[in-house]
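Pulled from TrEMBL, these are the features on record:
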TRANSMEM  12-31  transmembrane segment
DOMAIN    61-157  domain 'Cytochrome c'
BINDING   C74, C77, H78, M197  heme c binding site
Amino acid sequence: MSFASLSRGRKLALSTIGGVVVGGVGLVFGLHNSVKATEMELHAPSYPWSHGGPLSSLDHASVRRGYQVYKQVCAACHSMDYLAFRNLVGVSHTEAEAKAIAEEFQIPDGPDDDGEMFTRPGKLSDRFPKPYPNPEAARAANNGALPPDLSYIANARHGGEDYIFSLLTGYCDPPAGVDIKEGLYFHPYFPGQAIAMAPPIYNEVLEFEDGTPATMSQVAKDVCTFLRWASEPEHDDRKRMGLKIILMSSIILPVLYYMKRHRWTVLKSRKIVYKPPK
């Protein structure tokens, strides 16, 4: 059946479907090109993360150090609205340590019996405190720029922890002929190459509790690992479950294949002989 032999209505319907498909593909292609990096923007390189393998787990000592980096450096501007202190238990801290961390913060609560608001020490059920009471206050304190929430930032940015590591360590002077507005910093990995955040980390910006040397790359690596865990707390469980499925499948699939061959062997080996009438 050729296109020319179709009725007028079918020709119109097929032409409409073809136009919609072509238009949709063109729109997707145009949107993809519109968000491509400019000629001056660099794509983050791929780093050999210890948890990058299909069966590799997160380095929980690094997650603990990464939380310390967030608490002492990042929490001054960035919130983590979707994490509570209880999420640290069994991952990077013991229950007693997580309770002690929570109690360091004064959490607004209320009203009490008199209808008044009050503050109390934090509990495990409390979420990480916000650095600013609202987005307007955050913009006012950062020259109009709104610091993003870091709860799912590793999944929200193309490149994940590779991009975050490059963002933290990739500050440099602008090349000749490139002017950066006052209050902004040149960054080749940031879209637009001008970022409002000042370089947040440097060598010995803090002292790790376990004595690990706090070089810039180590600090960036640890906070990236922490942010990966925050964005994907089921990371280790998912890979562990995948390993169990692979092991179980390696046992079950051969058995199912044998049963299928055994059940169908009668039909597969059957011969049909045609005997013409005499």
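The backbone N, Cα and C atoms fix where each Cβ goes, and this holds for glycine too.
Those TrEMBL annotations? Automatic predictions, nothing curated.
Remember, predicted model here, so these are calculated numbers, not experimental data.
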Those same-chain residues, other than C74, C77, H78, M197, found with Cβ within 8 Å of the centroid of the heme c-site Cβ atoms are V73, A75, A76, P147, L150, P200
As a quick check of your reading of DSSP, tell me how many residues in the domain 'Cytochrome c' (61-157) are helical, how many are strand and how many are coil. 39 helix, 12 strand, 46 coil
Given the binding-site residues C74, C77, which one's Cβ is surrounded by the fewest other Cβ atoms within 10 Å? C77
One finds that other Cβ atoms within 10 Å of the Cβ of H78 (heme c binding site) number exactly 21
For M197 (heme c binding site), the same-chain residues 6+ apart in sequence with C-beta under 8 angstroms from its C-beta are C77, A145, P147, Y185
Max pairwise CA distance, angstrom, over record-listed heme c binders C74, C77, H78, M197: 11
